[in-house]
Amino acid sequence: MSKSILPKSPQLLEKKLGYVFQNQQLLLEALTHKSCKKQYNNERLEFLGDAVLDLLVGEYLFKKFPLAKEGELSKLRACIVNEKGFMKLAQSLDLGAYLYISQSEENNNGRQKASILSNAFEALIGAIYLESSLTYVQSIIYDLLEYNYIKIDLDSLFMDYKTALQEITQAFYGEIPTYTLISESGPDHKKSFEIALSVQGKEYARASGNSKKEAQQKSAQIAYKKLYSKMNKTHHKGEK
């Protein structure tokens, strides 16, 4: 049985955020998971934070990509405003270390669970908004997005590299890529899969992910960039 772990001091989190709560109870509420069975938890603040994040991420993308169409902006936002995207932002704050969770969740690696981290991040943003202002929350969100999505662009966030790669290999080699599972490791709640991608028996890429689908997409992205570059060089040679 795992030992109970005491959360880090909330004041350390405030220092990271650059924001000090006037109402410390509000901060504790944002950091308390429902599994604790206390009189308060972060579900209501999560509801509020979800709406705030949807607005501010949308505004951030609207300003960052002035030429992007509505459909492109919607896809970009959908790639950030989701459980995985919020987990990434939560991890950049080491938010899991500050959470109050039950012993059962502690035993099940709850501090690293995507759902718990994502919900807590939404709750934290909701709490800051409730106590301060939308403008103040905006500065925090913008900083987090700039830090975590340095190379954010219209292609890298939502391009389906598997489909794009398949189009190239069919045109060049007359066949689709082969994805082979090389290894599978880790406990059930935190699996890691390594996938090798080959075309006509030649390996072009290997990548790992928390799911086979993620590992396939990562390996497809690597192979796509290699073959796309090769395709362009061949095309330019043909023009000479």
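Here, residue 1 is simply the first one shown, and the rest follow in order.
Placement of Cβ uses the backbone N, Cα and C atoms for every residue, glycine included.
Asp50 (active site) falls within a helix when secondary structure is assigned with DSSP. The C-beta environment of Asp50 (active site), restricted to residues of the same chain at least 6 apart in sequence and closer than 8 Å, consists of Glu122, Gly126. Annotation comment: Swiss-Prot describes Asp50 (among others) as active site, evidence class sequence analysis.
The active site annotation in Swiss-Prot covers Glu122 (among others), and the record cites sequence analysis as its basis. Taken residue by residue with DSSP, Glu122 (active site) is part of a helix.
Under the heading Mg(2+) binding site, Swiss-Prot lists Glu46, Asn119, Glu122, citing sequence analysis as support. Note on Glu122 (active site): other Cβ atoms within 10 Å of its Cβ, all shown chains, come to 28.
Annotated domain 'RNase III' per Swiss-Prot: 10-133, in sequence order. Shown for the domain 'RNase III' (10-133): DSSP residue counts in helix, strand and coil, namely 91 helix, 2 strand, 31 coil.
Sequence annotations record features per position, and here Swiss-Prot assigns domain 'DRBM' to 160-229 based on sequence analysis.
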Item to complete: Across the whole of the domain 'RNase III' (10-133), what does the mean pLDDT come to? Round it, please.
Response: 92
Worksheet, complete the sentence: Between the binding-site residues Glu46, Asn119, the one whose Cβ has the fewest other Cβ atoms within 10 Å is Glu46
Worksheet item: Cβ within 8 Å of the Mg(2+) site's Cβ centroid: which residues qualify beyond Glu46, Asn119, Glu122?
Response: Asn42, Glu43, Leu45, Phe47, Gly49, Asp50, Phe86, Ser118, Ala120, Phe121, Ala123, Gly126
Practice prompt. Could you put numbers on the helix, strand and coil content of the domain 'DRBM' (160-229), residue by residue per DSSP?
Written response: 34 helix, 24 strand, 12 coil
